[in-house]
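Listed features, source Swiss-Prot:
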ACT_SITE  Cys247  active site, nucleophile
BINDING   Ala125, Ala126, Ala127, Pro128, Gly129, Ser130, Lys131, Glu149, Asp176, Asp194  S-adenosyl-L-methionine binding site
Amino acid sequence: MAQHTVYFPDAFLTQMREAMPSTLSFDDFLAACQRPLRRSIRVNTLKISVADFLQLTAPYGWTLTPIPWCEEGFWIERDNEDALPLGSTAEHLSGLFYIQEASSMLPVAALFADGNAPQRVMDVAAAPGSKTTQIAARMNNEGAILANEFSASRVKVLHANISRCGISNVALTHFDGRVFGAALPEMFDAILLDAPCSGEGVVRKDPDALKNWSPESNQEIAATQRELIDSAFHALRPGGTLVYSTCTLNREENEAVCLWLKETYPDAVEFLPLGDLFPGANKALTEEGFLHVFPQIYDCEGFFVARLRKTQAIPVLPAPKYKVGNFPFSPVKDREAGQIRQAAAGVGLNWDGNLRLWQRDKELWLFPVGIEALIGKVRFSRLGIKLAETHNKGYRWQHEAVIALASPDNVNAFELTPQEAEEWYRGRDVYPQAAPVADDVLVTFQHQPIGLAKRIGSRLKNSYPRELVRDGKLFTGNA
């Protein structure tokens, strides 16, 4: 594999020599950093089983190597990487897999280790959505996830990835993560804090990642991380699990942050060792039981993961002074909800008791029941999935609801050819050889729902959202 030139400040190299255990070779560390990062993907088991995915993609000649800490994760090699970007494959467009760095699959593996089955989870720094979607898959779209992102520009990307993967149990917020301890005390069974960090572990992906690095900036970032983990710990219920992770390598932003929390709440913090998380985990194990992953150990990005339990309650923080505002939705009455459910089933949309119907003007939404306890405590950027808009002739079903709820076995499902599916993703109407009978047609490809179309004569009118329309070369190889 080709080398690339990574910029290393001298002070960084000194710090790494001190941080690295004697069992590891510093020369191996430098060599690993110079190698480009291996590509990796995670199968979205909300859409397809791993076995079915492997069978579906077998004709492509992809080399898929299992990632030890994630049953759904694989390093991927393709003979001609430039011929078609992974993001333009049919399987990616329909949400069958997520392009995710292997080491970033570790925190969620730790969160659900030892049979942990949380019902309400918070992802404090969620964009672009790799870990939120991984959590949702582990929860099988049950329970509820609060996915927060401080950066306004990244909330849109987070929502797009959640929608593509067919996730229905997520509420999105846009806050500084330091507010949650006061705003939502003891509300979560599990919390993932993948903290903002100095990014020392990502040099294999970005050779210039350390251009603005300094020991002083590490100290400043660590101060913010301490405030974030303190807030997250307050939002965690007693008995709950907190996973703290970063993609950096210095001890100041990693072990020291966790040790600070234990010193602050000595009777409430229990470190849960991760040495048995997967075969070979002991190679990265610290004396505290954390995983400090240097890039040469598993040939991946540098990463850090700690898991801890809140063993007892801690003093609550003063209530926040901000006003949430009126919640603009109201629950749909049972009789009307039954009519809506029946109409939705007619086009192949079904949902279980984990979701409840709410209404705002002419909009119909499905919210996860597990998030209702948070209503009135925080302001949501987006909650659940938009099911439909009502109009005089019935309902205008929404694309995100189709992707999350549709059954491809519905009587009105219509399977497209590869060429027709590509036309669909380009936002064009489709002219199948044999037009379907129904007026509302659930469009599928590879037996996966990809949208809803209106039949007009022999034409299927495209309803694919404009913001998702793709140009350029797609999976049939035609530009």
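Placed from the backbone N, Cα and C atoms, the Cβ positions cover glycine too.
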- Express the distance between the Cα positions of Ala125 (S-adenosyl-L-methionine binding site) and the residue listed as 'active site, nucleophile' as a whole number of Å. 13
- Take the C-alpha atoms of Asp176 (S-adenosyl-L-methionine binding site) and Cys247 (active site, nucleophile) and report the distance between them in angstrom, rounded. 20
- Item | Cα-Cα distance maximum in Å, computed over every pair in Ala125, Ala126, Ala127, Pro128, Gly129, Ser130, Lys131, Glu149, Asp176, Asp194 that the record assigns to S-adenosyl-L-methionine | 20
- Item | Gly129 (S-adenosyl-L-methionine binding site) CB neighbourhood, other CB atoms within 10 A | 27
- Item | C-beta crowding around Ala125 (S-adenosyl-L-methionine binding site), within 10 angstroms | 20
- Task: Sort out the sequence-distant neighbours of Ala127 (S-adenosyl-L-methionine binding site) for me: same chain, 6+ apart, CB within less than 8 Å of its CB, listed by position.
- Result: Glu149, Ser151, Arg154, Val155, Val157, Leu158
- Item | Between Lys131 (S-adenosyl-L-methionine binding site) and the residue listed as 'active site, nucleophile', the C-alpha gap once rounded to whole angstrom | 13
- Query: What number of additional C-beta atoms lies within 10 angstroms of the C-beta atom of Lys131 (S-adenosyl-L-methionine binding site)?
  - Reply: 25
- Message: According to DSSP, collapsed to three classes, what secondary structure does Lys131 (S-adenosyl-L-methionine binding site) have?
- Response: helix
- Task: List the residues of the same chain that sit at least 6 positions away from Cys247 (active site, nucleophile) in sequence and have their Cβ under 8 Å from its Cβ, in sequence order, or write 'none'.
- Result: Ser103, Ser104, Cys197, Gly199, Glu200, Gly201, Val202, Glu301, Gly302, Phe303, Phe304
